Every structure is written in structure tokens, then in C-alpha cells.
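Now, the feature entries from TrEMBL:
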type	residues	note
TRANSMEM	A:15-38	transmembrane segment
TRANSMEM	A:45-62	transmembrane segment
TRANSMEM	A:68-90	transmembrane segment
TRANSMEM	A:102-122	transmembrane segment
TRANSMEM	A:142-164	transmembrane segment
TRANSMEM	A:193-215	transmembrane segment
TRANSMEM	A:227-252	transmembrane segment
TRANSMEM	A:259-282	transmembrane segment
């Protein structure tokens, strides 16, 4: 295979990674930006999304697209509800104290993971892709569904962007992010905003998981990788900066695809981690973050 | 009244308080676990087998089926009178498929639970980390792993693998068939750790000896979840793609391979490890139709199954498709888990030969195991007859090559035991006990 096709394949693979990563990391970034807490259980919401997608898809018979669409609707709702409950029952009682919430979300991570192992089991289970299309390039074949994932992610990210910048809900969220006390003074129900944002962050992870589950299978340990990569993306992009998150996801995803293919996957991970270290040293607020006041 | 009592009870007699103390002390002594066990050791106290199980972590699907097989085998052995008339008691500890925890589990089973032997480990990195502890504590350690670690001679005298053939023997036995029936130019894809390296190191010379050649070796990190990026490394002239993958991402591997190649694919030869506990009819696996797999023990019922095999499958609770009876989605790890059944019968055989009474007889048990020459096919060894090498502590059996046909795996070739023999690199019997 020549250099050109090789690069094309690497870029396509990188874009798929970037698409899913952007959605997942956006959820993490949103929660941090608005609530100022680090949600270590974010990867488990991702996993839960995939597991529930499998559950829903296996209950719906007939065309696999029906099961997939059902999963795309039900799974984020259920995961959002779980996140909402854990915010009400745990995080709020800790008064969103940064240290306590880290420990609490670590606990949440184990709870969700072990619950999945107990009720879902240790197997990796696939969800059928909504359509089976294989695109034959002159040099290699590629999954049509993967291209769909890239497009779907772009659409979803645009929707989130519009909601955040053009709607009243987005305005309230941004207001809470910028100044919690002032928002409260303007009668914004800050705690309800927090609960909503936490649920929304988890739902984004769940949507990403539903998109990925026809490519990778649902498995109870699948949450770790997205969590680590999301942290890398969010740190490089700037905690709380949505634009930064998207740019960083694109950089990490595509460079991971290309470096992994031309050199080695381990090198790709090393470079990503080194980038985090460099960003932390030279630009601690991230590429697009604003310095803390 | 008080005076009268003092006359009746002499002042030197035992007071009520001291009498109670004495009774309590005697009671404590009698109730002490050590005391009871010792008192019954000659008759009916259970033999305690510590089961190091992958209940969680990446080996959890295997662990679940290893546990079911173990339970079934123990039930059968106990129903038939146990070991030397004593029942087996299984004490399970989860090692999380983690090497560090594996070593701790062996120590815990040996010292805290006072097990007679430890048994049941699958993943090779856990075996390698746990073996030194077993050696230090001088507790026999029976693994069901298929890795080439016991047979390499690099572990210690207390480690045995008497229930399943090691990778080196497996690939040596199958290479001639691959070269003769599928193609000469082979590209290998394997996980980048000990288990994959065993395949790389022993299949490569074996295929060369059979007139073939490995033209590319592609190692993949064990945590990888996406594989398309590795496929451009497969040379175009590849005739046979040899794949052995483990972990939860294997389905992705096969699916992406299918998307990459379409119908214009090389011959595929894989280890069923790639698809243990996975339904061969899962969406995306249509690509495997017509490809070949190694199976230690066939997953699907075969036309020529022996009575022993049928009885074993019924006892473990798997149907004709190798899934749990009553739950077709709960697919077993049939190619490996028979090793648990057979290993427990080996422990029974060796303990009875050694006249095993308790932990003091562990050295005798090691020697009795080393004295075993082989096993006949039958209810205790349903997978087939085997040769046991007492110096290497490793067993050698028949291997199956199965073809995916109509959504099932059909055995198309069964190797001879001698096909998988190689020159020994160690001799554990030289080590002190």
C-alpha cells in the first residue's frame, strides 16, 4: 500500500477517534467548567451508555436500525437519570467540595463498574450497526458506519454548540460558569443548573458510547480509556473551554491515528501524555482556557 | 444458712467461678479450628483446593466458565467418594486477572485458608507472578493456562500444568497442517506480551520446518481497542493470516479485518482464544465463514463425540452449540475449560497415589504427580488421551483444527500427540523439594 492510501486510512481512523473523543470530553469539560468538579466516573457513564445500548438493541427485534435508534434515545436518558440521581444523592451533599467530589466519583466509578459486572456480566457484547455498508476504496475497504459516526458526531457537537451559545438554557449555564454567586443573585437556581449539567455531561458520554458500540463491543471495563483520553483532551484544550476541547480532541484523535499507523501506538500514547505535561508546564490553563481569577 | 453451706461444701472444693473457667477453657480448646481438623484428618475432613479465579478483570469471561467447570467436576468427584474418601472443598479467591493480586491470592489461599493445593489460573502473566509464591510456600500449584511457562523449566518444582497442552506444543503440532492446507506465506498478528510471544517464537520455526515461512509479525498492545490501523502492515502476498488475540476487543478485530478485506481475503487461521465466550454468529463475524481455528476441546457437539465427552458436556451444562443450557447467549470457553475438569482429576489421582493426608505430605504429592506417565481417554479425561512429562510438569494432548461452516465450528483435523512433542528445556525433578 502506497503512502497516500496509507495516510488516508490513518486520517479516517483518527477522525473516528476524534469524533467520539470530542463528545465524551465535551461532557467532562462541561461538568468541570460549570460545576468546578472533576468527575472521575465519567468513563463509567460512557460504559453504562454502551451496556444499556446493548440491552435496548437486544430487546428490539426486526431491523437493526430500529434497535440502534431506540438505543440512541433510551440509553442517554437512562444514563442522564443515573447521573442526576448521583448528583442529588452524593455530590450535592458534599457541597461540591473539589477534593470530596473526586473521592466520591472514584467511589461512583467502582459502584457502576461492579454493578455492570454483576448484572451485565464479563463478556464483550456487540450491537449490530444500523446499516451494513462497506465502502471499497481502490486500496482497501472501509466501514461505512465509521464515516456515519464522524458525521453524527459533527451534527451532535453543532447542536450542543448552538444550545450553549444561542439559547436561554445555554445562557444560564454560561452565567453559572462565569460567576456562581452573581448568578444566584440574579435568581438562577444554581443547584438545579448543576444537576442538569451533570446529567447532560453524562448523556454526552452515553451518546458517544452508543455511537461507538457497533464498532467496539460493550464491556464493563471499557470506561477507562475514554476517561484517560478525555482528561488529556480537556487539559490540553483548557478545562471548561468548549472550543479548546474540540480542537484538542481533533489533534489527539488524528495524531493518534497517524502516529499509531506510521510508527507505533505506544509512541502515540507517549506523545499525547508528553503534550499534557508540556501544556501543564507552559500553559497551565490549556490552549484555549482562561487563566483562573 | 451460710454456715450450713460451708459445712456441706468443703472450703478446698472448686468454686463455681473457677469451674466455669475450666469448662470454658476446655470448650475453647475443643472448638479451636486446628483441634477439630486434626481430630478428623484421618477420616472425613475435606481436601481444601484453593481456586485462583479470574472473577473480574479482562479474564472474567474465562473465570466464570472455569468456575462452573470446577463446580461440576467437584460435584462429580464428591458424588463418587471424593479423594481417598474425603470430599473436596473449593475455596475461591478472585485475582482480578492481575499479576500482583494473583501472587497475594496464592499466599492467602496457602496461609490463611490453609489449602492443600492451589489451582485454576489461566492468564500467563498471573501464572508467572504467582508461581514464585507457590514455590516459596512449598504448596503445589496446578495451572490451567496453556502458556509455555511451566514447560519452559523457568518456574519451580511446585508448578504443574497437567490438564492442558502448552502453546509451544500446540503450534508445533498444527504448523504442518497450516502449511499443507492453507498456504506457505504466513503473517502473524498476536498480542504483545508473553502469550503472544510464545506464538511468535514457536510457530515461526515450526512453519519453517513444515516448508512455509512467516513473512511478517505484527504485535498489538494488549489494551488496544481498534485494529484497522495495523492492517496496512500485512504484506499483500500473504496467503495465511495467523491471528491470536485475547481480551474484550477481539470481536472488533475480526469485524475490522472483514471491513478491510471484504471478500478478497487471505486464508485465516486463528486461535479460538480470539472468540472464546463469543457467539460465532454475532453480527460482523460473517467474515469468518470458511476460516479455521485451533480448539483445545470443540465448542460445538461433533458427530463422533465419545460418551465421556457427552457426559462431560452435560455435567458442565453446555448445549450442542457450547452455550449455557437455557441461555444461548451465554457462550462458554469450551476450548480451555475442559482443562479444569481434567486437572481436578489429576489432583485426585496424584493425591490417592501419594496417600495424601495433609499439608505435611505436599512433597509426596509433588513426587506422585511427577511419576504420572499419561492419561487414558474417559470420563476423567473427556478431551482425549494425554502424555504427561514428569520432568517438565507439562501434559501433551491432541489438538483440534476446526472450520467455520454454516455458523458452527466443525473439527476437520485432529493432531497426534507426537506431532506436538519438542525437546525439553528443563528438568524440575533436579530441584530440591
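Cβ atoms are placed via backbone N, Cα and C, with glycine included.
Keep in mind that TrEMBL annotations are predicted by a computer and have not been checked by a curator.
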Could you tell me what the rest of the chain brings near the transmembrane segment (A:68-90), counting residues at least six beyond its ends with Cβ under 8 Å?
41, 45, 48-50, 52-54, 56-57, 60, 104, 108, 112, 127-130, 194-196, 198-207, 209-210, 213-214
To the transmembrane segment (A:142-164), which of A:15-38, A:102-122, A:193-215, A:227-252 is linked by the most Cβ pairs under 8 Å?
A:15-38
Which listed range (A:102-122, A:193-215, A:227-252) shows the maximal number of Cβ pairs under 8 Å with respect to the transmembrane segment (A:15-38)?
A:227-252
Using a Cβ-Cβ cut-off of under 8 Å, list the residues of the same chain that are 6+ residues beyond the ends of the transmembrane segment (A:227-252) and lie near it.
17-18, 21-22, 24-30, 32-34, 40, 42-44, 46, 157, 160-161, 164, 177, 272-273, 275-276, 279-280, 285-290
